[in-house]
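**Student:** This is the feature table in TrEMBL:
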DOMAIN    25-132  domain 'Ig-like'
DOMAIN    134-229  domain 'Link'
DISULFID  Cys180-Cys201  disulfide bond
DOMAIN    235-331  domain 'Link'
DISULFID  Cys278-Cys299  disulfide bond
Amino acid sequence: ISIKIVSIIQLWVTVTHKTISEELSKTVLLPCLFTLRQGASSSTEPPRIKWTKVWGQRGSDGLQKEQSVLVAKDNVVKKAFQGRVALPGYNENRYNASLALTGLRSSDSGLYRCEVVVGINDEQDTVPLEVTGVVFHYRAPHDRYALTFDDAKRVCVENSAVIADPGQLQATFADGYDNCDAGWLSDQSVRYPIQSPRPGCYGDREDSPGVRNYGNRSPDELFDVYCFAKQLRGDVFHTSVPEKLNLATASTHCHSLGAQLATVGQLYLAWQAGLDQCDPGWLADGSVRYPINVPRKNCGGDEPGVRTVYSNPNRTGFPDTTALFDAFCFGGKIKYFI
Ligand SMILES: *[C@@H]1O[C@H](CO)[C@@H](O)[C@H](O)[C@H]1NC(C)=O
Ligand SMILES: *[C@@H]1O[C@H](CO)[C@@H](O)[C@H](O)[C@H]1NC(C)=O
């Protein structure tokens, strides 16, 4: 009997191997559908479905890190992943294992393994997921809290971004973002993300971690802003000359390389893609910043991030345009998608 069952139950897993891209804070559907081979009886026990996230380098044991995402068998669905997962097609069809993941975070990027078990048959496949976009804090050139709501929207656009929405800030907070500067968001609210509450940063939540919310504000009030940069369409690169560059010569230098000074949004996207350069450089808005992925001494602190060079100890004021630094240039590329 057992031999007969093995021969009639064959699972066919249909998944796409192309990387699925979705923006920060949105919902993605990772497809996983399997069918029984023609002629196979579906009267056997319901299939068991298991989703696992797999990431990192293979260790000495040849294994990667794994995290359980969801397990389902018939009407019992066990979810990990902060409850952000569901099987929307499963109620209708027990063989539809497609996984919905909501409130996407950058750290959700990775490989997802879908496993289906019927009887003693076991099939699996993987779906790569890439979460795109980055949230960054932006302060006016001359002072802290100097942007009206209209200014806030404009400076984001000038830096290859848009004003962030509350969901995007929340998703970034969930990945560890901490910044004690109240900034405009697209719904005209003013918020900031705090991991470790401290004097001056309690906001409306006292000493529990969370995104602080000042609520909806009059558009004339002055704050910083949180921007969201979606996608890098080209390359950001660091450049230097022996005598260093002021803002004007930095711009000319980028042009001589067939490029232009990068915007803040472009630098953040390049940082997210792995750029690491412990040398402050001019950007198009007249600010001076540098991207750090591997935190180290003398490169601005213990956390990865884009560092900003301010002219005042209270973290305000872009450097004088005659000050000498390197530069970050941006060269657009025409990409052909086949
Ligand atoms: C599987 O479920 C997903 C999510 O509800 C749905 O979009 C898709 O059409 C379903 N596929 C099939 C073949 O039922
Ligand atoms: C920071 O310092 C500069 C120069 O001393 C001053 O003009 C500015 O008002 C200060 N900003 C804040 C928020 O204290």
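Using N, Cα and C of the backbone, Cβ positions are placed for all residues, glycine too.
Nobody curates TrEMBL annotations by hand; they come from automatic prediction.
Keep in mind that this is a model prediction, so the values were computed, not measured.
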**Student:** When you tally the Cβ atoms that lie within 10 Å of each candidate's Cβ, which of the disulfide-bonded residues (Cys201, Cys278) has the highest tally?
**Tutor:** Cys201
**Student:** Counting each residue once, how many in the domain 'Ig-like' (25-132) are helix, strand and coil under DSSP?
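**Tutor:** Its residues fall into 6 helix, 55 strand, 47 coil.
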**Student:** Measuring Cα to Cα, how many Å separate Cys299 (disulfide bond) from Cys201 (disulfide bond)?
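**Tutor:** Checking the Cα atoms of Cys299 (disulfide bond) and Cys201 (disulfide bond) gives a distance of 25 Å.
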**Student:** Which residue counts does DSSP give the domain 'Link' (235-331) for helix, strand and coil?
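**Tutor:** Reading the DSSP string over the domain 'Link' (235-331) gives 19 helix, 27 strand, 51 coil.
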**Student:** Could you please provide the mean pLDDT value for the domain 'Ig-like' (25-132)?
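**Tutor:** Mean pLDDT across the domain 'Ig-like' (25-132) comes out at 87.
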**Student:** Can you give me the Cα-Cα distance between Cys180 (disulfide bond) and Cys278 (disulfide bond) in Å, rounded to a whole number?
**Tutor:** 24
**Student:** How far is it from Cys201 (disulfide bond) to Cys278 (disulfide bond), counting Cα to Cα, in Å?
**Tutor:** 29
**Student:** Taking the Cβ of Cys180 (disulfide bond) as centre, how many other Cβ atoms lie within 10 Å?
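**Tutor:** Cys180 (disulfide bond): 16 neighbouring Cβ atoms within 10 Å.
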